[in-house]
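Listed in TrEMBL:
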type     : residues                                               : note
ACT_SITE : H718                                                   : active site, proton donor
BINDING  : R25, E26, L27, K28, K127, N132, R539, C540, W585, E629 : 5-methyltetrahydropteroyltri-L-glutamate binding site
BINDING  : I455, G456, S457, E508, D623                           : L-methionine binding site
BINDING  : I455, G456, S457, E508, D623                           : L-homocysteine binding site
BINDING  : H665, C667, E689, C750                                 : Zn(2+) 1 binding site
BINDING  : H665, C667, E689, C750                                 : Zn(2+) binding site
DOMAIN   : 14-334                                                 : domain 'Cobalamin-independent methionine synthase MetE N-terminal'
DOMAIN   : 450-772                                                : domain 'Cobalamin-independent methionine synthase MetE C-terminal/archaeal'
Amino acid sequence: MTTPPRRPAFPSGTILGYPRIGPNRELKKAVEAFWGGRSSVEELEQVARGLRRQTRERLVGLGLGRTDSSIPESFSYYDHVLDAAVAFGAVPARFTGLVNAQGRVDLGGYFTIARGEGDSLPLEMTKWFDSNYHYLVPEIGPETVFSLASDALVQQFSEGLQQGFLTRPVIVGPVTFLALSKPSDEAPEGFVPLSRLDDLLPVYAELLRRLAEAGAEWVQLDEPALVSESLDVSSADTSAAAARAYEYLGAPDARPAIFVAAPYNSLGDALTVLAATPIEAIGLDLVRGTVPAAGAAGLDPLASKTLVGGVIDGHNVWRGDLAEAWQKLEALRALSPSVSVSTSTSLLHLPHTVEPEQLLGDQLKSWLAFADQKVEQVATLAEGLEKGVAGIRSVLEASTAALAARLAAPGVSDGAVRAREAALTAADFAREDYAVRAKAQEQALNLPFLPTTTIGSFPQTGDIRRARAQLVAGVLSDDEYQAVMRAEIARVVELQEEIGLDVIVHGEPERNDMVQYFAENLDGFAVTQNGWVQSYGTRCTRPSLLWGDVSRPKPITVDWSVFTQTLTEKPVKGMLTGPVTILAWSFVRDDQPLGETARQVALALRDEITDLQSAGITVVQVDEPALRELLPLKKADQAAYLDWSVGSFRLATSGVEASTQIHTHLCYSEFGVVIDAIDQLDADVTSIEAARSRMEVVTDIKSSGFARGIGPGVYDIHSPRVPSVGEVTELIETALASIPDRQVWVNPDCGLKTRGYDETVASLTNMLEATRAVRAKVLTH
Ligand SMILES: Nc1nc2c(c(=O)[nH]1)N[C@@H](CNc1ccc(C(=O)N[C@@H](CCC(=O)N[C@@H](CCC(=O)N[C@@H](CCC(=O)O)C(=O)O)C(=O)O)C(=O)O)cc1)CN2
Ligand code: MET
Ligand SMILES: [Zn+2]
């Protein structure tokens, strides 16, 4: 028997990943300049190199080691799952023209796969576990030929080495890569991408060998699929795949030491599986998950591995209780003598740093930790692990004290809000029967067969954003800003009238973001100036901070909707963001159950909706695109979630008369699992993303017995492509084949804010032409 090679020690502290977009969105700006033809690929690459160097230096400055593999090499130009697809040669057939003679795709081609071109649709985009980050879905079939088609990761590691850093390359693990993939267009019915594992593993092994040759001592393989019970493949299948994968990848001597990270929840049975493989370190999410019980069956082999305790929350901004985090690390020591500290997830979900924020106030700032502050927390705990807890005791105590101060601060608990919540009864969560509502609404609205509408936003042009930036800078007065927005609303209304839409929207020009806008107008929230977080590709958001009890000091949207209604005879649809989505896209207080916070937001929205009704608005849409996103990864937690999420939506929307039509909108997800919950929302009309999956969702709707209005999106707004009249006609007819005629609405998949005006006008015009054609056909039969 040969002795295994000696492996270098895992660093005592690390993070699973770091934001890639740059402290001032440098990468976003550089990539968009490249797309716009305003810079060359060399200039873009130079910005990226600069950011990577800056990140390595910054992380050392914050306390990570320069040469102990503690710095993750986790850069991406657009998305880390796309990076893996391109690295392993998994390019869909429609893009093979982008692959050069060496089997590689250049940076331009990489962006084309992400964004589509001409008739070639981009990879589908969907939510990354329970976060607001979207990854691109690889397409895998029996025809996919895996090969090592990119050395980007090796190059980035070598680039760091030349600068004097020994970093730790990070890549999506093989099980997660395949579990998140979907069958390619060429794949036969029933094909499962995970069935290609044995063909993919040699390519991963080759990459590991190349990294070892380049000098990498550790590599990180991210396997969040192992914690999720909500994927297309079962946990039993992902566990079995992990056993195979890590037995195989662990076998060769010529490889870096392997660290498998399992962020977003606990590993459950998969921990036993990983324990039995020859990998050297395992990362556990101890924020969402718990410390495994020492002595549990099958965990003995952990004693010879490093356990990396993800005790610092990578998914939320609170400074948290470091003393409690320390205790979790101590508890881990019962399983292995070798314990390190890390974040629970990549810091990708957090803004860079609290420091430059000028509007947050010292008190709130003292409660917060963004990415850089989380790195410092990791460094503190790592010092405790290395030198004993005595040296860090005062820091632990300070964090406990800050947390106690936070819980006792004014505004965290508001008596009036609490009293109102305590007085709620079942009647506050229910409307009249749908039959009664439908009749009252038919009379009030008098809409045609196949009513047409849009999802709310119209293009956010440079002029609109500039005007808002000028308002913030004090260059425009409130009145001047209002005038610019009103002019935009007038243009949007006129356009909709010309095109012939039936239910009119105001276009949301006054909103920087559909959540931040409401946060700015509600008590209990704070917003950042520069707290940008990547949502997908170059698109970023500044998640708001929900720190206290929520209430509405005054009406928020009423004046805008009332103004819009003065411009048209047609019904104007009021536009609000729902409680679940407001929570999902903010950083939410962690001192009380989410359901309680959601009810507070719902009550504020309920008042807004009744105020809209009093002001003469007859249709109100309450968007819940994040309903599916927040669905817990563990099945045991899902029923309770659906109960409070559906409840908060109903609380927000059930204060109105039968004649007021409530719409909701959902997008960005697979809806099958939550279709019953969507029905339970009891909205009069639900618009739902459907075009990219060619109306697959209507079969779910049909089998669920959904009996109210439904608008399956008839074109994808994520690409500038203008759908033809024929295409839209076909999709409307597909919907009509499954759903009773009178229920069907015609609308795009989502809001138009990321589009330009030219394609918007062309697409909506075609949508109306298709609707008229179908109307004529159905009505003459
Ligand atoms: N929070 C959130 N999550 C979501 C969505 C969403 O709409 N909101 N939609 C889904 C998809 N995700 C998306 C996320 C972001 C964007 C998006 O368009 N983001 C914009 C920023 C939106 C914004 O905050 N705009 C601000 C600030 C704009 C800005 O960058 N201003 C310039 C200055 C203005 C100029 O001169 O151009 C600056 O600060 O430097 C405003 O309009 O006021 C972007 O990245 O470009 C779209 C979809 C799912 N998750
Ligand atoms: C991400 S869902 C977007 C809904 C919103 N009303 C809009 O049109 O932009
Ligand atoms: Zn949407």
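Every residue gets a Cβ built from N, Cα and C, even glycine.
Spacing of S457 (L-methionine binding site) relative to C750 (Zn(2+) 1 binding site) is 9 Å (Cα to Cα, whole number). Within the set of recorded positions L27, W585, C667, H718, W585 have a CB atom less than 6 Å from some atom of ligand 1.
Of all Cβ atoms in the protein chains displayed, 23 besides its own lie within 10 Å of the Cβ of the residue listed as 'active site, proton donor'.
Apart from H665, C667, E689, C750, the residues listed for Zn(2+) 1, the same chain places the Cβ atoms of I455, P625, L666, Y668, S687, I688, G713, D749, G751 within 8 Å of the centroid of those Cβ atoms. Checking the recorded positions L27, K127, G456, S457, H718 against ligand 3, not one has its Cβ under 6 Å from it.
For the binding-site residues R25, K127, R539, H665, the ranking by surrounding Cβ atoms (within 10 Å, all protein chains) places H665 first. Candidate binding-site residues: L27, S457, R539, W585. Those with a Cβ under 6 Å from ligand 2, in sequence order, are S457. Mapped onto three states, the DSSP output places L27 (5-methyltetrahydropteroyltri-L-glutamate binding site) in helix. G456 (L-methionine binding site) and H665 (Zn(2+) 1 binding site) are 10 Å apart (CA-CA, integer value). Closest by Cα distance to W585 (5-methyltetrahydropteroyltri-L-glutamate binding site), from the recorded positions I455, G456, C667, E689, H718, is C667.
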